[in-house]
Every structure is written in C-alpha cells, then in structure tokens.
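The domain 'GMPS ATP-PPase' feature in TrEMBL is assigned to 213-415. As annotated by TrEMBL, ATP binding site applies to Ser241, Gly242, Gly243, Val244, Asp245, Ser246, Thr247.
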Amino acid sequence: MVTNGEINGVPPPHTIFDTILVLDFGSQYTHLITRRLRELNVYSEMLPCTQKIADLAWKPKGVILSGGPYSVYAEDAPHVDPAVFDLNVPILGICYGLQELAWHFGKNVAAGEKREYGRTNVQVTRHNGHIDHLFDGLEDGLEVWMSHGDKLSKLPDNWVTTATTSNAPYAGIAHSSKPYYGIQFHPEVTHTPMGKYVIKNFAVGICKAQQNWTMGAFVDKEIARIRGLVGDKAQVIGAVSGGVDSTVAAKLMQKAIGDRFHAVMVDNGVLRLNEAIEVEQNLREGLGINLTVIDASKLFLGRLAGVSDPEKKRKIIGNTFIDIFQDEAKRIAAAAENTERAGKIEWFLQGTLYPDVIESISFKGPSATIKTHHNVGGLPEKMDLKLIEPLRELFKDEVRALGTEMGIPDDLVWRHPFPGPGIAIRIIGEVTPDRVRIAQEADKIWISEIKEAEYYRAISQAYAAVLGVKAVAVVGDQRLHGEIIHLRAVQTTDFMTADAFEDFSLKWLKRVSGRIANEVSGVARVVYETTSKPPATIELE
C-alpha cells in the first residue's frame, strides 16, 4: 500500500506541512496523540504499526510509536518496520512504544511484577545535551498517567535513564547519541497535566516541526486542491443536513467552485422541528450556497410504517434517500445543460472526518459493526461519481475552526451533530407520525432550555428521544398511558469516547422535565441518562 495519499494528482497535507507520523499499536489513546499535535499547530497523521516504510511516499519530520495492549516478547506481538530507523528522524516511543524501542535494541523487556495503572509520579533524571530535551522546561517531579504491565529488565547498550518511578526504574529512556526517546507514561491524556509540553518538546524542539497547521493555512490550500480536482467544468453534488460537517463542507465547496456545487437537502420527515425551513434560510440566504430542498417526508414515513428494527430503519432511509437523490441529480444535470455552468456532475461531496479515517486504518482494524455508519455509503458508486472529501484530514474541533475561518456564524459552527437517519433512530420501535411529533417537540424544549441556561457550548451533543415503551401518568383527572422521553447530553472532544454532562442540577432537570410532560401531548414520564461511552453509544440505536 503506497501511502502518499495523492488524489488525482493533487498533493495531500503531509506534502505541504511538516508532519509527525504516529504509528498505531492498538492503544485506545493513539488518536489523542494526533489530536495533541494538531492542537500545537503541528500536522500529524496516524498509520497502523504494520506500515512498510518503503511504501511511505513522504518523509515525516519525526515518528511516534504509540502504546498498545500487547507484550513485545510474545510470538504474535506487532513490531515496527526496522526501516523506520533508516529515516534518520527523531523517534518517540510511548508505553508499548518504549518497550518496542528497547526490544529492537536489546530484547530487554519482561513481565512486570506489579502492574502500574493510573496516576503516579515520575522523577526526571538530567544529563547533558540532546538527552534532556524531552523534558526541557519541566520540573524534575511530574504527575503522569501509567498503563502498563511489562517493563524493561535492563537498559539496552548506548541508552540512558531519563525518568523513574517507585516501580519502574526505566520510566523514561533515551539513546546516548541518536534522537530516540522512550517514556513509559502517556503524555497524550489529560491525566498527565504537563504531557502536552512533553509532546511539544518532541515535535517542535527535537523534530523542528513548524507550527503552521492552522485552518487559515488549510482553507487556501484546500480550495486550490478542490479546484485542481474538479477542474473548470465539472459539477459537484452533495447532501446537506444543516449539521456542522455538511455546512462547513458545503461552504468550502461554494468558495472553491461557486454554483457548480449543488447542495441538496432531503426532508425525510424525521428531522428536527422546522429543520428544513431553518436550513434553507441558513445555507441559501445566509451563506449563499446553491441549495435545493426536497420534501419527501410522506414517502419516508410511509416506507418506515410498521418497522421497528434499527438496521432496517437505516436501510429504508438510506435506500429511499438514494432513489430521491439520483432523480434530483438527473434533474440538476438537465437544468444546467444549456447554461453557463454546463458540465457533467462528476463528483459527490461527503463530509468524512479524520476519526472515520482512523477507524478504518487503526491497527485493531474495524471491529464488529456496532451500527451502520450514518454516511450515505454506496451512493457515489451507484451514481458513477467520484468521491470528494475535503474534511477527511480534520477532527471535529478543526472543522468548527474552519467554519469560523470562513465566516460561518457561531450558531451554525457550534451546532450539535444530528444523525443521518434522524429522529428515526431516536425512537425505539416503530416510527409513527405521532412519535415523531413527540420527539421533535420534546427535543425543541430540551435544546432551548440548554441554550437558555448557557450549557449548549459546554455540551457536545444533546437530544430527546422516545423510548418506545409506555407508562402511566395522570393528566388532570384523566389516566394517561403515554410515552417516556429519554434526555441525553454528553461531553466529548472527539466523539470516540464521551461522558454524560454532570452540571445540571436536579432542580433544573425537574423543571425541564415538567415542561416537557406538560407541554408535549402524549408524554407520561421524562428520564435523563448518565451512561458514558463506552459502554453506551451516544445515540440510542
């Protein structure tokens, strides 16, 4: 697999920006290494530890070997391609990565007598010259996060100790003459307070990577990249939902090729309350995007009638969307045939983000499918279109920063995500018009209360759902057998893990639940979920 990443002759970011390569050995924290580097304005990409260096058609400024759940001495343990040491660039090994360095140079790793997991203190050992650079500007005593069972039994030749703990005499090591470093702790997690400075010392101080990865720099280069891909005549079509990803992607395309980009919004009947009207105002009138809105709500709800299985819901919504989208693409192409923007629709815009890429290339590989991805998979192939993904190198926070850079208003940039199948997967069981109404009205109250209390920006995603089981309530003098509303609000930086939002007071929650029960006809009870991800997913289905 040659991994230059060039698409149709257009260079990817790692050929433009100084790049730190992160090799993934399967740690749950690996994506955080890339994120921390990006936060330092240093561009970084992640590849699996099985990456052959000969197939890497670009040279990184430095390499980081991630942690992992394996033992380097095990027969089936993953190992880095030895050619990485021929790149003549600095290398940092984190946790398993430290042990991988030690194993390569000395085979001196064994099972530890005592596992270290959680917060601990390391003591930095100072030397002279390059050996000290990883801890430049830091105190000798550091609080760090450990997660390992194996440890070095002794140092390889030409290596020295740079940090110790009460249980690990080699918590930090460095080569005496080459820019190779290993640390047994995880600098990428927030539980290591000074960890970002360790990462900065490596990337900026040791690797000399330029801190020029900004959305201001990205947007100009990406617009040029899009123009190079699409050319002067071809047209691009893409689905928009009003969410931040599709809005930012659509605005980027509009800036690059103007009205040759055709945004299409399909009202599937399971959107947020008044969503289609608001999206039309925001995108067409506010951002100048060439937008078509199609009301297909009756068609979708008709096909969803009687269906309870979440995967069947997804397939019905996905297949119906494809049918409508294909017809609209033909109409757009015919309408443009004799105009100044005449040209074949050749490209399909998709708002893929870097976490999607990470999931597909992680050393763990794709795990069992938990739920079908919300993106409209298969649509570009069915329409014989090439795929264009201008956000595929970006994390969610970078997408928001890009939106701000392009002048998109804050209320759109900071909008919470909304799933492609919409409210259909926020209704457990059959999707009926009445349940859709209940979910929409409850969600409207929930989000408006969150905004009024100024929690919205602190929360990453929030919604109200219908649990699909009924409970008894008393409304006035009447017995009601009504729906149970499920409220969810989470905090996350990357949507790969998430915690339930904890700042709501019980008094506030009681008031909001009272509003929903009183104002939304057919609601018997309201509950608030506190489960984290994992084990739960953010959405119910």
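Keep in mind that glycine also has a Cβ here, set from the backbone N, Cα and C atoms.
Each residue in the domain 'GMPS ATP-PPase' (213-415) has a pLDDT score, and their mean in this model is 86.
Less than 8 angstroms from the CB of Ser241 (ATP binding site) sit Met265, Leu271, Val279, Phe418, Gly420, each of them six or more residues away in the same chain. Other than the site residues Ser241, Gly242, Gly243, Val244, Asp245, Ser246, Thr247, same-chain residues with C-beta atoms no more than 8 angstroms from the centre of those residues' C-beta atoms, the ATP site, are Val240, Val248, Ala249, Ala250, Gly351, Arg415, Pro417, Phe418. Mapped onto three states, the DSSP output places Ser246 (ATP binding site) in helix. Non-local neighbourhood of Asp245 (ATP binding site): Gly351, Leu353, Leu391, Lys396, Val399, Pro417, each in the same chain, at least six residues away, with C-beta under 8 Å from its C-beta. Neighbour counts of Cβ atoms within 10 Å were compared across the binding-site residues Ser246, Thr247; the minimum falls on Ser246. The local packing around Gly243 (ATP binding site), expressed as other Cβ atoms within 10 Å of its Cβ over all shown chains, amounts to 18. Using a 10 Å radius centred on the Cβ of Val244 (ATP binding site) and all shown protein chains, the other Cβ atoms total 22.
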